[in-house]
Each structure stands twice: as C-alpha cells, then as structure tokens.
Amino acid sequence: MKNQQGLGYFKDGFSQDLPPLFISITSEGVVGFDTNSSPRRDCNGTEVAYNSNNPATVGSPTLPATEGHNRSHSVSISLPASPSAMYIDRSKIDIFCNNSETEDSHEKLKHSTCTNSSILPVMKHAKFHSQPMHVGFTSAKKLDQVLSIKDEQYNSFKTWSGKLENQLSNLRRKPQDQIKINDSQDREAEALPAVDRYFDALEGPELETLKAQEELVLPEDKTWPFLLRFPISSFGMCLGVSSQAMLWKTLAKSASLSFLNVSPDVNLVLWCIALALICLVATIYLLKIIFFFETVRREYYHPVRVNFFFAPWIACLFLAIGVPPQVTKNLHSSLWYVLMAPILCLELKIYGQWMSGGQRRLSKVANPSNHLSIVGNFVGALLGASMGLKEGPVFFFAVGLAHYIVLFVTLYQRLPTNETLPKELHPVFFLFIAAPSVACMSWAKITGNFDLGSRIAYFIAMFLYVSLAVRINFFRGFRFSLAWWAYTFPTTGAAIATITYTAEVSNVLTKTLAITLSTISTLTVLALLISTILHAFVFHNLFPNDIAIAITYKRPKWRKKQCSHHRTQSSDAKDIEASVTKDSATP
C-alpha cells in the first residue's frame with residue numbers, strides 16, 4: 001500500500017514513465033561510491049541482504065538491526081576534479097531516504113527513486129560526501145595540477161611558444177572567467193616598464209633593490225626558478241677570470257720581470273678555467289633565453305643591466321688576447337670581426353639612445369656600469385692591433401674615446417638621478433679604472449710604443465685607482481655579492497698596464513708597483529672565486545630572487561591613493577593654517 005502511494009505521488013509529479021520495478025543497489029553496484037557499514041533498508045524498512053550471485057540486486061552486508069534507529073542514511077557521490085566535466089547519469093542513481101517521519105507525514109513520500117533535479121529539495125535529510133578517485137588517476141591529476149600552477153605563476157616570463165602551449169592546455173580544464181583573469185594578469189606582467197618605473201621602484205647603483213611601498217608581479221614569498229634568478233651580470237665572473245689569463249701571459253712574456261720566472265703553464269691553466277666558466281655561464285643564460293625570453297627582454301630594457309650584454313663578448317676578447325702559446329700562436333683575423341660585430345650593434349643601439357634625448361638619455365641613465373659599454377672598444381682595438389689590423393682598431397678606439405669623455409664628465413657631475421650608493425655596491429666604482437687602463441695598452445699597440453698618449457691614459461687610471469683605494473671605509477661591513485667581481489676586471493687591467501709601462505720605464509719603483517698590483521689582482525680573484533663557490537654550493541644564497549626583472553609596469557593603485565590622500569591632508573592642513581593665521585591677524 002505504501003509503495004502504491006509513493007508510485008502515485010511520482011505519477012502526479014512527473015509525466016515520464018517510470019520503470020515497473022524498483023531495484024535497490026548499494027555502493028558496490030556503482031563504481032566510485034562509498035561503502036557504508038550501516039544497514040540498508042528497502043522501501044518497506046526491511047534490511048536488504050547481500051546477494052553475491054545476483055549482481056543486479058545487491059545490498060550492504062547484513063548487520064543486526066537496531067530498534068529506534070532514526071539516523072538518516074548517507075549517500076556518497078563522486079565528483080570530478082573539474083566542474084566543466086561534471087555529468088551525472090541520474091537514471092542510474094537510487095537515493096534512499098529514511099522512513100522515520102512522524103505520524104502526520106505518513107501521506108508524504110518516504111522512499112523514491114529521484115530521476116529529476118526538481119525532487120531534490122524534498123530530500124532534506126540526505127547527506128552527500130565527495131569520494132577520491134582511484135589512486136593512479138588521482139596522482140596523475142595532482143601532478144598535472146601542480147605543474148599547471150607552477151607554470152602559471154611564471155607564465156608571463158616564458159617564451160611565446162611556451163605560453164601558447166599552456167594556454168591551449170588551460171582551455172581544456174579551466175572556466176572562461178578564470179582564463180580571462182589569468183590573461184589580464186599576463187598582459188599586465190608582459191608590459192615592459194618604462195625607464196622612469198625602474199628608477200621609481202628600485203634603488204642602488206645597479207637598480208636591484210625594491211623600494212618600500214612597491215610590489216612585484218611574481219610571488220615574493222617563494223623561491224623562483226633558477227633561470228629567473230640567474231642575472232646577466234653573472235658574466236662579470238667571466239671577465240675576472242679571463243682577464244687573469246691575460247695577466248699571467250703578460251707576466252710570462254715581460255722582459256723587465258723575467259726574474260720572477262713565471263711559467264707559461266699558469267696561463268694555460270687559467271685560460272682553460274676561464275674558457276670552461278664562459279661556456280658554463282653562456283649555456284645557462286642561453287637556456288634562460290630559450291625558456292624565459294621575456295625576462296631577458298626586461299633585463300635588456302633595464303637601464304643598468306643592458307650594459308652587461310657587452311660582458312660575454314669582452315670576456316671572449318680577453319680569451320683571444322690571453323690565448324696560451326701551447327694552444328696557438330696566431331689567431332685568424334676573422335675572429336676579430338666575429339667578436340666585434342655584436343659589440344658594434346649594441347653600441348649603435350645604446351649610444352643612439354644616449355644622444356636621442358629621450359627617456360634613455362645619458363644624463364638620466366648614467367651609472368658606473370656604463371663603462372662596460374665603453375671598454376669593449378678599447379679591448380677590441382687591442383686585439384685587432386695585435387693581429388696586425390690597422391683601420392678597424394683605430395675606428396673603435398676613436399669611438400670609445402669620444403664616448404668615454406662624455407660618460408666620465410656625466411658621472412662626475414653627480415646628477416640628481418644618481419642617488420647615494422649603499423656600501424655593499426661601492427666596488428662598482430672600480431669600473432672607472434677599466435677604460436683608461438685598457439686604452440693605454442691599445443694605443444701603445446696601435447702606435448707601436450708607449451708614447452705620450454698612452455702615458456696620459458695610464459696616469460689617469462693610476463690616479464683613479466689610488467683615489468678609490470685610500471677610501472677604505474667604503475669597503476667595510478658589507479655582505480658578499482656578485483658586485484664584488486667589479487673589483488677584479490679593472491684592477492687586473494691596471495696591473496697589465498703597469499707591466500706594459502715597466503717595459504718602457506724600468507726601475508725599482510715601477511717593478512715593485514707592477515708586482516704589487518698583480519698580487520692584489522690575483523688574490524682578489526682567488527678570494528672571490530672561493531667565496532662564490534661557497535655561497536653557490538654551500539650556503540645556497542648566491543642567486544636570490546631577481547627583484548629587478550619583476551617590477552610592475554606602473555605604480556601600484558593603492559600607492560597612488562595613498563599619495564593623493566597625503567596630498568589632500570596636506571592641502572587641508574595648509575587651508576586650516578591659513579585661516580588660523582588670518583583670524584589671528586584680524587583685530
């Protein structure tokens with residue numbers, strides 16, 4: 001009788017035909033359902049026993065019935081990981097409701113098979129639990145989600161091909177609203193900041209420290225991928241080691257210092273180490289170009305980092321000059337053209353921006369690292385003159401000399417855009433020594449003797465060296481940084497210039513000076529090399545998050561509101577002060 005009443009209720013509420021027979025099933029009959037240990041009852045309240053021979057009619061294992069048991073039965077539904085993929089075949093789901101209503105509700109439906117979503121509000125006692133999928137499938141989904149989240153955080157800094165692949169994969173498992181949000185975030189991160197933004201958001205001579213009240217486009221509380229933390233300034237290490245190979249070759253060949261009996265094997269060992277280091281750093285940065293090209297673009301538009309794009313080519317020039325006799329005695333002149341071509345292209349771009357008067361004019365972006373864009377001319381002139389070339393070395397020497405004079409005067413003016421440098425980055429000032437030191441050697445090689453022009457450049461370098469060395473307070477109490485490698489390359493150049501000068505003016509003073517500067521340069525490189533290895537492989541803090549490439553392309557909105565709020569408060573205070581002054585002045 002009760003079943004007939006329930007069937008009549010279904011017929012009144014639904015126009016569709018119902019099956020003539022009700023089949024009670026349990027979680028074992030449907031893949032993905034939980035197994036409930038509580039007894040399962042049919043529509044008449046009778047316990048359903050488990051029948052292994054008939055898989056169509058199955059039930060939970062029979063347990064002793066408990067009288068007065070009014071606990072509502074729980075139903076578990078497996079939900080897919082993505083809402084867009086959710087599909088429930090409602091014709092195969094039987095929902096069992098409790099038969100524990102009061103005497104006044106006997107006429108209502110107690111047990112029914114729900115085939116339409118409109119009946120769901122009646123089942124107020126039903127409970128639904130999510131159930132995990134199979135272990136292998138779940139692990140694969142979790143791994144895919146982890147990789148997807150990891151990729152999305154740094155999506156805006158990847159190459160175009162990588163981002164396109166992620167976008168196509170995301171379209172298959174993300175709602176459209178989430179895709180729009182991520183696209184807007186990617187567009188905001190992809191916009192390259194203007195030069196003014198670098199000066200507004202960053203501080204320090206290398207513009208790599210984030211100012212207060214600024215935010216990043218990458219998570220600050222996580223360690224970024226290694227390629228994102230590997231800066232272009234890492235080529236400074238190559239400059240230091242390759243210049244050492246050039247120094248020890250000069251010591252071995254110097255006639256005035258022959259009493260030192262320097263073995264050419266030292267030059268060979270240092271040259272091999274420098275070659276391996278350049279290959280390693282270049283390979284890592286090449287991977288950065290392949291996988292995170294947007295980061296390289298940001299470094300190129302950075303007013304300080306752009307100068308370090310000269311560093312790999314200058315290091316190769318040093319390797320060519322310091323090549324050991326055991327390797328080769330004469331290099332082909334085509335090598336000079338290959339190495340100087342990218343330097344010329346960079347100079348046409350950067351020097352043109354200096355003269356254009358735009359946002360990247362020299363008076364605005366001048367900093368000590370600009371010497372790297374100058375010194376390449378003199379090193380190239382030195383190599384070309386060593387190969388016997390005439391016009392090319394003179395051309396690059398003239399270009400370097402003209403722009404060095406302009407840069408030297410601009411940096412000495414200390415324009416308002418150049419803020420006071422913190423202690424830990426004062427070694428960058430040693431780049432002042434690099435250009436005149438190499439210039440005196442290149443001019444001596446072009447003319448064939450260490451004449452008056454070479455001596456003028458050499459004395460300028462020595463004066464700058466001493467003026468920085470006597471300020472010992474600049475180099476106390478600061479932590480290790482890659483900026484320390486700025487010591488090595490200029491001091492090595494000064495030592496090589498002194499050895500060259502000793503060949504012309506040979507006396508005890510010049511020989512002592514040459515040995516002293518060479519010793520200082522070698523010890524500095526050795527100490528920095530050991531410190532770099534320790535911080536890289538022991539302390540693991542050599543490459544922190546590169547803040548300089550993750551600033552926003554415009555000022556944060558909350559900062560703008562705060563500035564306008566301060567301006568409003570200051571204007572109100574001025575109005576009140578003016579009114580008070582006016583009232584006090586009125587008799």
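Each residue, glycine too, has its Cβ placed from N, Cα and C.
Outside the transmembrane segment (226-248), and at least 6 residues removed from its termini, the chain residues within Cβ reach (under 8 Å) are 154, 157, 206, 218, 262, 266-267, 270-271, 273-274, 277-278, 281, 284-285, 287-288, 291-292, 295-296, 299, 305, 308-309, 311-312, 314-316, 318-319, 321-322, 324, 482-483, 485-486, 488-489, 492-493, 495-496, 518, 521-522, 525, 528-529, 532, 543-546, 548-549. Residues or ranges marked as transmembrane segment in TrEMBL: 226-248 (among others).
Marked as transmembrane segment by TrEMBL: 268-292 (among others).
Beyond the transmembrane segment (304-323), the same-chain residues lying 6 or more positions past its ends with a Cβ under 8 Å from any Cβ of the stretch are 205-208, 231-233, 235-236, 238-239, 242-243, 245-249, 267, 270-271, 274-275, 278, 281-282, 285, 331, 335-336, 339-340, 342-343, 346, 350, 365, 367, 369-373, 375-376, 379-380, 382-383, 386, 548. Residues or ranges marked as transmembrane segment by TrEMBL: 304-323 (among others).
According to TrEMBL, the feature transmembrane segment maps to 335-352 (among others). Non-local neighbours of the transmembrane segment (335-352) in the same chain are 306-307, 309-310, 313-314, 316-317, 320, 373, 376-377, 380, 383-384, 387, 389, 392, 396, 399, 403; each lies 6+ residues outside the stretch with a CB under 8 Å from one of its CB atoms.
Beyond its flanks by at least six residues, the transmembrane segment (372-389) meets 307-308, 310-311, 313-314, 317-318, 320-321, 331, 333, 336, 339-340, 343, 346-347, 350-351, 396-397, 399-401, 403-404, 407, 431, 434-435, 438-439, 441-443, 445-446 of its own chain at Cβ-Cβ distances under 8 Å. Among the features that TrEMBL reports, transmembrane segment is placed at 372-389 (among others).
According to TrEMBL, the transmembrane segment annotation covers 395-413 (among others).
What TrEMBL records for 425-444 (among others) is transmembrane segment. For the transmembrane segment (425-444), the residues of the chain that approach it from at least six positions outside its boundaries are 204-206, 367-369, 371-372, 374-375, 378-379, 381-382, 385, 393, 397, 400-401, 404, 408, 411, 450-451, 453-458, 460-461, 464-465, 468, 474-475, 478, 481, 483-484, 486-487, 489-491, 493-494, 496-497, 500-501, judged by C-beta separation under 8 angstroms.
The feature transmembrane segment is assigned by TrEMBL to 456-475 (among others).
Only residues 6 or more beyond the boundaries of the transmembrane segment (482-501), in the same chain, are considered here, and those with a CB under 8 A from a CB of the stretch are 206, 231, 233-234, 236-237, 239-240, 243-244, 246-247, 250-251, 254, 256-257, 368, 424-425, 427-428, 430-434, 437-438, 440-441, 444, 450, 455, 458, 461-462, 465, 510, 513-514, 517-518, 520-521, 524-525, 528, 531-532, 542. Taken from TrEMBL, the feature transmembrane segment applies to 482-501 (among others).
Taken from TrEMBL, the feature transmembrane segment applies to 513-539 (among others). When Cβ-Cβ distances below 8 Å are used as the criterion, the transmembrane segment (513-539) is approached by residues 237, 240-241, 244, 247, 251, 256-257, 260, 480, 482, 484-485, 487-488, 491-492, 494-495, 498-499, 501-502 of the same chain, each at least six residues removed from its ends.
TrEMBL lists 564-587 with the feature region 'Disordered'.
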- Message: Which residues of the chain, 6 or more past the ends of the transmembrane segment (395-413), have a CB below 8 A from one of its CBs?
- Response: 340, 347, 351, 354, 362-363, 366-368, 370-371, 373-378, 380-381, 384, 432, 435-436, 439, 442-443, 446
- Item | Residue numbers, six or more beyond the limits of the transmembrane segment (268-292), whose CB comes under 8 Å of its CB atoms | 154, 157-159, 162, 225, 227-228, 230, 232, 234-235, 237-238, 241-242, 244-245, 248-249, 312, 315-316, 318-319, 322-324, 326-327
